[in-house]
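Please read the structure below before turning to the comments.
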């Protein structure tokens, strides 16, 4: 007897894989539920039974990739500047690469388009990632600094430059972000 | 005899006004070239003769609003902190109001969707606005700070919070941005 649960799981995995593959191959503007269904070998109605649209499928594919334990904590060598440099360089490199940043682009478009999507994306994908930075900063920055604003000081500028295409996304740029943020965040010397 | 140039100018003005009105009334997801044409009393083909799509019309409407002289320079009272506080509070208040930020939302979606649009938007609308902040900071921040990064330090965090809906957009938040940015940017005391 066929096992419907196992069949569902196989279809779900095929849909998520097809979605990320198609995104890599031709970008978000060309991604449609029709194409995902064709590539995954399922009917369109199967996708619409589980997801509201292509953005929701992309989000699930990424949450699946990270796994149920959530994103790993940031490195902690005891040297905050060195650790942040590694992390910010990695994010800048990802944003600079159109193949790697295609999923972030897709999720940002959906976030701007739908308030419901924005909340799901924030709670399931973004907040856990921002929290890894927040935890690394906790207790290591000026007492009067709001930790959410401290995280945004690191993250906001590079997303703005990436989105708006206002400047190069290089390692030197990444290091400049860390220098500026730490100048703002470090406990003031007496 | 009818004057075709004047008629074109009237149609163009009607299209730009209709676009901003419709955006205010029902948001970008509902905005179509069909609806703009109907409201402006022109044919769809008139719009497509002059613009590539709805995003390009929104951009032109905003550039027109600012006028050929470009955005006005920032206030300069001699008190950098007070001046930045006014500017950042104004931007945060605009982002916090869905009616005021609907055009920014529309342009950001198109910017993420099309590289060509992104470049036009950056050069015609965004860069002149960022440059008003850059000119205000010039000569008033640490010598070793890149001025483009200094502007992003003020602008990037609030756009990230607005887009991602990760926190309140209040006056206290705006003041926190200015405090952090100035802590990073001010010449170090010896």
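Just so you know, the numbers here start at 1 and follow the chain as drawn.
Cβ coordinates are placed from backbone N, Cα and C, and glycine is handled just like the others.
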Worksheet entry | Listed range which TrEMBL flags as DNA-binding region, given the options A:12-31, A:32-51 | A:32-51
Item to complete: Could you tell me the mean pLDDT over the domain 'HTH tetR-type' (A:9-69), as a whole number?
Response: 95
